Amino acid sequence: MTRPSEGGRIEVICGCMYSGKTEELIRRMRQVRIARQSYRIFTPRMDTRYAEGHVASHSGSRLEAITVATMCEILAYARDVQVVAIDELHLFDDDPAEMVRGCQVLADRGARVIVAGLDLNYRAEPFPAMMHLLALAEQVDKLYAICVKCGAYATRSQRLIDGKPAPANAPTIVVGGLDMYEARCRACYEPAL
């Protein structure tokens, strides 16, 4: 946990679908609330799976959040707060370089910036903003799900279309849940062709 005297920092919570990223973000933000630190939580406009104006985990935990599309909006809302939380980083409409730059600006202002999101897309390729933040962050927590095929630790998000792995030419970002994605380990993951 960051003390105000320590200055700004970036914390990244990453992993595949169903690894508990948002659950961990919510847990940290509940601690922030108990500590009476000022904060703002942001969720991308593109994420329409749950009630607007909330970050919500697959297990049903949720906290109020501000729905935005760009880092410019986050920077405007996050003035003079101690903690900034950004869920589902990979779903923001903004240029990945702007998302990274904005996180750096917030941390340089002295904020604790907590970012959660997928590290890899369904093709097992890194999301650009997350890839850079993993290198720049003071703290990185990679979470794992359980492979639906064999029960091993899962690190991949398998996108399914009609029950079969999505082809390589499918859109990179499609918001969905259990009906569209499975958590899989390296051995059970079927590469997009």
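Positions of Cβ are set from backbone N, Cα and C atoms, glycine also.
So that you can see what the record holds, here are the features copied from Swiss-Prot:
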BINDING   Gly15, Cys16, Met17, Tyr18, Ser19, Gly20, Lys21, Thr22, Asp87, Glu88, Leu89, His90  ATP binding site
ACT_SITE  Glu88  active site, proton acceptor
BINDING   Cys147, Cys150, Cys185, Cys188  Zn(2+) binding site
Among all protein chains shown, how many Cβ atoms are found within 10 Å of the Cβ of Ser19 (ATP binding site), not counting that one?
24
Measuring Cα to Cα, how many Å separate Cys150 (Zn(2+) binding site) from Met17 (ATP binding site)?
16
Let's check the environment of Cys185 (Zn(2+) binding site): how many other CB atoms sit within 10 Å of its CB?
20
On the Cα atoms of Gly15, Cys16, Met17, Tyr18, Ser19, Gly20, Lys21, Thr22, Asp87, Glu88, Leu89, His90, which are listed as binding ATP, what is the maximum pairwise distance in Å?
16
Do any residues at least six apart in sequence from Lys21 (ATP binding site), in the same chain, have a Cβ closer than 8 Å to its Cβ, and if so which, in order?
Ile13, Cys14, Gly15, Asp87, Ala116, Gly117, Leu118, Leu143
Fewest neighbouring Cβ atoms within 10 Å: which of the recorded positions Asp87, Glu88?
Glu88
Same chain, 6+ residues apart, C-beta under 8 Å of the C-beta of Leu89 (ATP binding site), given in sequence order:
Met99, Val115, Ala116, Gly117, Phe127, Ala129, Met130, Leu133
